[in-house]
Ligand code: LLP
């Protein structure tokens, strides 16, 4: 459920007409709903109510400071994957003991910065990385709290580019070798083993792969405890999917997911951490765009929008489907016609949808991409020197620009000219 609904023939974000925001900010822009964001966070938090837990928002999905502050005020932890994300989490006021550090290639400098600023745990992805954490922490005279990310060799049944839990993927330590690597962790100075981490992929629309992975983690917990390790935390990753096409998709709900976690690992008495990103922010965000032209081509019609692949790369990169709806509600029974919906960038890949059935649309109209909150603004670029689109946050009947659109001068002045020119 989200808070982008039609009222009186107009799309609203909570209590604000989207068209009013467009008039103030100019299209295209990302638009987030506080109520939706908070609701989704609470769904996870409540789904784990049966025991000690921390929901660490995977901020790679959308990392604007205003979004982080909203979630931090709800008690969220953060899952970060770079020194930059760590700095963002700290800048939003998230205490170090609520930040977990994931990612396959943490550098010595990133590790040091996190140890200096405070960190809940590093989720270690390889033996070389574990040794660097050991060296950095020992040199600082501290113990780095770690989990090892195990790769359970489970098929997440999602898009190949976002599946991470198969043995051929670059992520984690093969679960079959975990006991050996934990033994080395216990021997190395500067490390304190606190638990196990697993993450098998993103946009999972079934619970079975989670069940398989978490069952393996439960078995590993028992084995590691028998080996003498203290396993007090299980980080079970993120990945629960959202309905992108409203008509036919019904992914499992956070409550079902929480019950599955309780069933598979609840008996172990561990503190549970999860790292959801998409389900928290995905349906809490729209990309609002204007129609520049309606072009009648050879055997097909094109809607040429002012948003492009640089603003929302998901359709080009993952063949992702986003619902695209008119901001002014279509008249009941309006005739639908097929359009190829495209942006102005000079590549055929700049196509959001092919043959998409739309009600009558004219140049100057506004449309909204639904479910664009996750991996939308954060994956945007300035390709074709198109300024990064602004981000706007709605809260009840208020809205605020939370990242302004840069001017052309802002963009140009980021370049520096060598003295020989
Ligand atoms: N934890 C780890 C270690 C991850 O790698 C990810 C996502 C998450 C948590 C959060 O997963 P989520 O709950 O958001 O599914 N750009 C792609 C998605 C990439 C996901 C990468 N890792 C897309 O637009 O679909």
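Numbering starts at 1 and runs along the chain as it is shown here.
Backbone N, Cα and C atoms are what each Cβ position is placed from, and that goes for glycine too.
In TrEMBL this protein carries:
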- 346: active site, proton donor (ACT_SITE)
- 239, 275, 276, 277, 278, 375: pyridoxal 5'-phosphate binding site (BINDING)
- 278, 314, 318, 347, 375: substrate binding site (BINDING)
- 30-373: domain 'Orn/DAP/Arg decarboxylase 2 C-terminal' (DOMAIN)
- 35-281: domain 'Orn/DAP/Arg decarboxylase 2 N-terminal' (DOMAIN)
- 60: N6-(pyridoxal phosphate)lysine (MOD_RES)
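Maximum C-alpha to C-alpha distance over the listed pyridoxal 5'-phosphate-binding residues 239, 275, 276, 277, 278, 375 is 15 Å. Of all the binding-site residues in the list 239, 275, 276, the shortest Cα-Cα distance to residue 347 (substrate binding site) is found for 239.
Residue 318 (substrate binding site) sits 11 Å from residue 375 (pyridoxal 5'-phosphate binding site), taking the CA atoms of both as reference points. In this structure, residue 347 (substrate binding site) belongs to neither helix nor strand by DSSP; it is coil. Taking every protein chain shown into account, 318, 375 are the binding-site residues, and of these the Cβ with the most other Cβ atoms within 10 Å belongs to 375. With respect to residue 239 (pyridoxal 5'-phosphate binding site), the closest of these recorded positions in Cα terms is 60, chosen from 60, 314, 346. Among the recorded positions 278, 346, 375, the ones whose Cα sits within 10 Å of the Cα of residue 314 (substrate binding site) are 375, in sequence order. Within 8 A of the CB centroid of the pyridoxal 5'-phosphate site residues 239, 275, 276, 277, 278, 375, the other residues of that chain are 58, 60, 61, 202, 238, 240, 279, 280, 374. Of the binding-site residues 275, 347, 275 has the largest number of other Cβ atoms within 10 Å of its own Cβ.
Binding residues for substrate (278, 314, 318, 347, 375) extend across at most 27 Å, taking the greatest CA-CA distance. For residue 276 (pyridoxal 5'-phosphate binding site), the number of other Cβ atoms no farther than 10 Å from its own Cβ, over all displayed protein chains, is 28.
In the three-state DSSP assignment, the secondary structure recorded for residue 278 (pyridoxal 5'-phosphate binding site) is helix.
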